[in-house]
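Q: I'd like to ask some things about the structure below.
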Amino acid sequence: MALPSSRRFKSPTTLAFFLVGVTLVVLNQWFLQEHRQEKAKGPVATRRSLAAVVQRSPLFQVPPCVANASANLLTGFQLLPARIQDFLRYRHCRRFPQLWDAPPKCAGPRGVFLLLAVKSSPAHYERRELIRRTWGQERSYSGRQVLRLFLVGTSPPEEAAREPQLADLLSLEAREYGDVLQWDFSDTFLNLTLKHLHLLDWTAEHCPGVSFLLSCDDDVFVHTANVLSFLEVQSPEHHLFTGQLMVGSVPVRESGSKYFVPPQIFPGVAYPAYCSGGGFLLSRYTVRNLRSAAHHVPLFPIDDAYMGMCLQQAGLAPSSHQGIRPFGVQLPNVQRLSLDPCMYRELLLVHRFAPYEMLLMWKALHNPALHCSHKQVAGSPTAGEQNPDAH
């Protein structure tokens, strides 16, 4: 996401520290204001005894996963990157112990209309806090209940030095908000697929009556009211899986790429159609069918392509929605992405927002003084149907 103005900063490091500082100052002032308002209103019904809502899950519920030594016998195995070798050795492992749970999340007299399932990482505290305060607020929109969950693994190896602090911070969040689902697998790119699988299982067990689900990353901006307007004319018992449609995406064969998939994992020429993993919407009907289909589809290291494989297995197809933009909003002949709020007022979801951008956009779109002409509307999404790196 391009920055609104950065020419005054000669050093990227200086700019980064400046933006972080500004964000923290703004957040502090805003949170103090929000706290004063909540205190003046008195207890809020949705913040009910969260100590009883969250649950620290015992590790012994799932047997430990053991590496499959036969993977070493695959042709060319020793030439593969270490991360791909590990993926192949543990590809059969589909269930991991749950460290934090929120089983009563969907309990209550009112059914859940929309569940926001946000893929996050232990170190992304600032993103989670912004989402809680902006588009991810748990509330009722004209009687339609919206709830929120963050899907998290454990700190990856590069975060080992501060893993205890991140674990303590996540524990505080889980107890305070009751919105954290954490499993005991390393939170890496190749393990994003595990978050989808565990979410499907969790939903079936704890929230089977949810009408719709939004799966997204923690660096997206969601116009929640627009999402609800779209969903209110959909049926939860009909198939819905919509987002930025990717058709004809081919596997990346360069071993240095983040999206590298060798023939040992996928020998095919192109992936089945899927929606970019930055964000997509699905119905209760589709959640059930995906869960059943996933049992017959081997794990795959690219999470959104894996969902396309499960859809194909279930005999379903993804669809395109022009209001979901995983590649941002860009004006013609302009190099950087636009942050004009008028370009976002009719969209549902846009990918790649820094925390400070998320806060500013939320405030701008909810400013009663905002006036936009009919011409100030984002055009068609940028072509991404043939881009395998668009995730």
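Cβ atoms here come from the backbone N, Cα and C positions, even for glycine.
Pasting the relevant annotations from Swiss-Prot:
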- Asn68: N-linked glycosylation site (CARBOHYD)
- Asn191: N-linked glycosylation site (CARBOHYD)
- 1-11: topological domain 'Cytoplasmic' (TOPO_DOM)
- 33-391: topological domain 'Lumenal' (TOPO_DOM)
- 12-32: transmembrane segment (TRANSMEM)
Q: Which residue, out of the glycosylation sites Asn68, Asn191, shows the minimum number of other Cβ atoms inside 10 Å of its Cβ in this structure?
A: Asn68
Q: What's the CA to CA span in angstrom from Asn191 (N-linked glycosylation site) over to Asn68 (N-linked glycosylation site)?
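A: Checking the Cα atoms of Asn191 (N-linked glycosylation site) and Asn68 (N-linked glycosylation site) gives a distance of 17 Å.
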Q: Helix, strand or coil by DSSP: which one applies to Asn191 (N-linked glycosylation site)?
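A: Looking at the DSSP assignment, Asn191 (N-linked glycosylation site) belongs to a helix.
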